[in-house]
Structure formats: C-alpha cells, structure tokens
Amino acid sequence: ESDTASEISFQLSRHKKTPSTGSHSSDMASVSSVSGSVLSVYSGDFGSVDAQGTVEFALDYDEKNREFQVHVSQCKDLAVVDEKKGRSDPYVKTYLLPDKARMGKRKTSVKKRTVNPIYNEVLRYKIEKMVLLIQKLNLSVWHNDPLGRNSFLGEIEIDLASWDWSNRKLNWYPLKPRSLSAVNGVDHRGVMSLSIKYVPPGSLGKWPKNPPSGEVHIWVKDVKDLLQLRPSGVDSFVKCYVLPDTSKKSYQKTRVIKRDTNPVFNHTIVYDGFHTEDLKDACVELTVWDHEKLTNHFLGGIRLGLGTGLSYGISVDWMDSTQEEVAFWQEMMLAANEWIEGLLPLRSL
C-alpha cells in the first residue's frame, strides 16, 4: 500500500462540503492522552475522611464466557462520612487500569446507613485473558452523596499478572489511602513521533485561490515502546478523527504493522475544509490500536487541540489536550505552511 497522502474533507455543521477524494483509503489510528488518565478515577471526590476498614471479595476468570468476574461480598468498619448523623452510604467501584476508558467502571448498589455493607454482587468484564493479565484491578469504596459529592473511603490495587487464579475463595483485604501512582497518573504507553502543518486558504497563491479552504496535514511517522500484548509483539495501526466530526468522512487509518512494539507508519493524512477559525474548536484525535480478528484493543492516543473543554461554544469531554499537546497545536497555528515536529506520549483517553 502506498503512503501517498489521502485527503478528506473536514465536515462541520457550519461548513457543508463534499469530501475530496483521496488517492487511496489510508490506514491510521486515533490518539488519546495519558496525563489526566487516572485522575478521573477520583473525580467527584470531596470527602476528606481517612481510609479504614476491610473489603471481602474474590476474583475469577470464566474461560468459557471469556469473562473476568469480581465477586464483591461485603465491607467492615468503614469510615463514617456524616458524623452528625453517624452514617455512610457505601458502594464499591472497580476499574481495570491502565485502560480505564475502554473497559469502563463497574459499580455495586449503594447500601444506606451502614459501615458494614453486605453486597454479594458480581461485577463482570468481557475481556480476553491475555489482555487482562497486563491490567491492574483498582477496587475502591465510596460514600454516595445525593448531590454527587462522593467521598473516597479506601481502595486496593491488584496486579493481575501475578494473581493466583486457582484462588477463587472470598478473602479479606485492608482498604488503603489513595495510591500515588493513581493520583499522579503514571501510565507509560509509548511515544508517537509526528509532524503537523496548517495550510491557510489561498496561501499557495495559485489561481484559482489555492487551496480554496484551509488544510491540516498530519504525518504519522512512528511509535516507540507500545504495550506488548502477546509474546510475538503487537499488530498495531493508528486511527484518526478530526473532532467534533466522528463520521466516516473524518475517519482515517494507517495500515497494520505486525509483530512490532516500535512500528514505523510513515503515513500522511490531509484534511481540507478547515477555516482558520476552526483550529480553535477542532481536535485531531490519533489513537493506536492492536489489531485482532474479533476486537481491536486500545493502546493509547493523543489529542491535538487547544484543550479548552469547549468546541463551538459547547462543552465537550474530548477537548482535554495536555500542555504538551496544546503547545504543539499552537505552534502549528502560528507557523502557517511549516511542518512542526513533535514527540508526544500516548495516554489513555
């Protein structure tokens, strides 16, 4: 497959355009960022009680259904959140880290007015065993507040690579204060080397006005140090979207590079239909994926934009670029028609 630039129109509700036809459908993966990844595990934490007490649970992997099961039995001697009323309304929440975004959180029901809640609930994840073994289980206990001001009551983190899977019994574990690794978002997923360029409308000076609308060029060079999901390495590709457009017109991907944790893509994508003012409101999302027959696994990504949290005046969660990503995008905005080179860490999105 050739690496000639594929072109596609950047379509927003304000600029209805027909897509320019590319010379081929390019293979590329969308990216997300790492730094704020684990912090959101604790979003909504307003409580300042000290972690105490224990939690009883068991872990199992159902080979037949390819399902990871966390059997949450009960907790004992949890901290009291509302001292005036002497109450806590606890629930248990689980994440698989570092890939919180893809696997999502699971929660038990809330038990009212007790520091010794009994749940007897099973939290389930559909996940391949080999992928599970590179994750950590983060199990935390929270007080549920009707106003959303939930309080952290303690957690435990288990490295599933070293877990004894023959142990299916319920066991008690002490709840600990928040882990530093989670608070600091330490989460190494690899580094992407890329260049970007903005070509403003009419800046190439040929007649008629060329290009008729602005273009953003993205040159995905390579990725170093990807997570290795299997002994043979990883079969990776990159996806690209220009948000807020998530339609097929915006979607591009690179070819798959097999059995390599340091894949070289050398792939260029061109999006047209970009007016200069769109650069404030759009976000280029590049994500790296492991290619498998049944389902692709998210490895990490980056988001290039101003990171303002807003797009065309609407609050959006994907406008969350890190300082490095914002600086890279701003440099491109200030240097029209010049390739800007970058080396950005992949993160969970």
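Note that the numbers count up from 1, one per residue, in the order the chain is shown.
Glycine residues also receive a Cβ, built from the backbone N, Cα and C atoms like all the rest.
Here's what TrEMBL has on this protein:
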COMPBIAS  1-12  compositional bias 'Polar residues'
REGION    1-29  region 'Disordered'
DOMAIN    51-173  domain 'C2'
DOMAIN    188-319  domain 'C2'
**Request:** Mind tallying the domain 'C2' (51-173) by DSSP state, helix then strand then coil?
**Result:** 11 helix, 60 strand, 52 coil
**Prompt:** Per DSSP, what is the residue count of the domain 'C2' (188-319) in each of helix, strand and coil?
**Reply:** 5 helix, 65 strand, 62 coil
**Message:** Could you tell me the mean pLDDT the prediction assigns to the domain 'C2' (188-319)?
**Reply:** 89
